[in-house]
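Novice: Before I ask anything, let me first share the structure, which is written out below as structure tokens.
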């Protein structure tokens, strides 16, 4: 028996609510897991994985879920209020990422190791730079009068698309980090696979949210 359009809509919304809640829990759980594993303060390097997971797993995920119709924790706020919270969370994520990048550079300098010698390092640098550009672009949406010649709808579309790319770059950096000697020496077996699933799950949820909010809607418009 075929489901009615209304029933399918309710099921789809319920699935998005569940997946959004899962993204909140996974983003927080992964960050706590990395913090416990790294024991921040035990060494200079120990702050790097903590700050990067805080930036690209927790803060950036929460910054994007702010706009989720089903799972936002700030649904009571106006669109403008959520946009400002989004920008603050993104800025905090950028600051954490910059600090994490700076500390690992200092750590490598102390050990006399080469910089950007791995795909993890290159992806991480690219993700941090992209996040910086994305935060700068967000200023144009907070204050659209700064860009009077650009239609606001197009600015939102470009910002959302670019933000999704930046988020996926951050997720890729985390995945590559879990292939590093430091991580694989401590985390093995099924726990490693569960850890790898964390950024994959949050990335899929964010991709679905952005695609439905901007990309798919724009594609079906005449």
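For all residues, glycine too, the Cβ spot is worked out from N, Cα and C.
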Novice: Using the annotation in Swiss-Prot, determine whether residue 73 and residue 209 are placed on a common side of the membrane.
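Specialist: Checking Swiss-Prot: the two residues are co-localised relative to the membrane.
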Novice: For a quick check of understanding: among the binding-site residues 120, 159, which residue's Cβ has the most other Cβ atoms within 10 Å?
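Specialist: Max Cβ neighbours within 10 Å, all protein chains included: 120.
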Novice: Any idea what the Cα distance is from residue 48 (heme b 1 binding site) over to residue 159 (heme b 2 binding site), rounded to a whole Å?
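Specialist: Each residue's Cα considered, residue 48 (heme b 1 binding site) and residue 159 (heme b 2 binding site) end up 28 Å apart.
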Novice: If you skip the near sequence neighbours and keep only those at least six away, which residues in the chain come within under 8 angstroms of residue 86 (heme b 2 binding site), Cβ to Cβ?
Specialist: 63, 64, 66, 67, 138
Novice: I'm trying to understand the geometry here, so how far is the Cα atom of residue 159 (heme b 2 binding site) from the Cα atom of residue 120 (heme b 1 binding site), in Å to the nearest whole number?
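Specialist: Cα to Cα, residue 159 (heme b 2 binding site) and residue 120 (heme b 1 binding site) are separated by 25 Å.
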